[in-house]
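Below you'll find the structure, written out as structure tokens, and then a few comments.
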């Protein structure tokens, strides 16, 4: 009787073991069936997206990568959302990736060579161009604008409409960064403003383009221009020998480019033959230094952008003598313009500077009338 009970218990255990194996096999086959049917592949893709998100962070400026992926506030259903709330959206094609995906990218990026610029958005012709002027503050303006999530800009100057026009519009378009719906494509090349053929060429591309001109006291601008050239060519003749045709008559030599660029009214006349004045915004290079947030407010309004760039983004660098950007997200230090900006100017004889001021005065007043702004250079 006792042995019979042992056999019953032994058989019952074998039955339980077989049932357990049966249900395990059922679960395994069910899992494979659903995966083959495509019902469970969303989880691996989500993980893959997060991996890519950290991989892209290896690019030179991580903040700009995330700016490229950030959705336009105009595309969001809730107009009252803040920029920080927008940045926390779950990733989707054409949207900002989640903040937790910004991992330590340097280690994993080496195994992925897919730049963000080749993955998201569309290459478009610029809707806005900073067309001038050299040594007026165009680089500062461009860098300040790139903080804005709805602005995507070429870092280097393309020089398409003055030097490389023969390469064709398609070549030019391919230079542009990819943009999402609602973002603005921009570039800056200060020499466009003084290039005779540039207005017609820009209009051929887009007669509705918005044009930004950063202007500065033409005398100070000329000295700054000379200083930059002198740093590259220490054997350059003196400023006064280049600015004056001869020291006896004191006549200004307008064939020297440093002088000619400051004839803003003359250059603007050329542009107004192809674009109405309403397509221009004239930014004060002086106010871009003394009140960067105020000037950036005007620029953002002109471009139809929400005022995102504000006082909180700037601090004044006493050493360089102009505003710098506070520490951007994903960076270990504040960001100022390069060493070539803020160079000390050489000493120029006061009588030479006064001759230049007298020379520029009628041109400045004409420019004030044309632009509708008094820049106070006299």
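Quick reminder: no glycine exception, Cβ is built from N, Cα and C everywhere.
Where the annotation comes from TrEMBL, it is an automatic prediction and has not been curated.
According to TrEMBL:
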ACT_SITE  135  active site, for sulfotransferase activity
BINDING   135, 136, 137, 138, 139, 216, 224, 341, 342, 343, 344, 345  3'-phosphoadenylyl sulfate binding site
DISULFID  324-336  disulfide bond
DOMAIN    126-361  domain 'Sulfotransferase'
REGION    328-347  region 'Disordered'
TRANSMEM  21-39  transmembrane segment
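For residue 224 (3'-phosphoadenylyl sulfate binding site), the recorded positions whose C-alpha atoms fall inside a 10 Å radius of its own C-alpha are 135, out of 135, 324, 336. The two recorded residues, residue 137 (3'-phosphoadenylyl sulfate binding site) and residue 336 (disulfide bond), show a Cα separation of 13 Å.
Within 10 Å of the C-beta of residue 137 (3'-phosphoadenylyl sulfate binding site) we count 28 further C-beta atoms, all protein chains included. Cα spacing between residue 336 (disulfide bond) and residue 139 (3'-phosphoadenylyl sulfate binding site): 11 Å, rounded to the nearest whole number. Within 10 Å of the C-beta of residue 336 (disulfide bond) we count 18 further C-beta atoms, all protein chains included. Of all the recorded positions in the list 135, 139, 344, the shortest Cα-Cα distance to residue 324 (disulfide bond) is found for 139.
For residue 139 (3'-phosphoadenylyl sulfate binding site), the number of other Cβ atoms no farther than 10 Å from its own Cβ, over all displayed protein chains, is 19.
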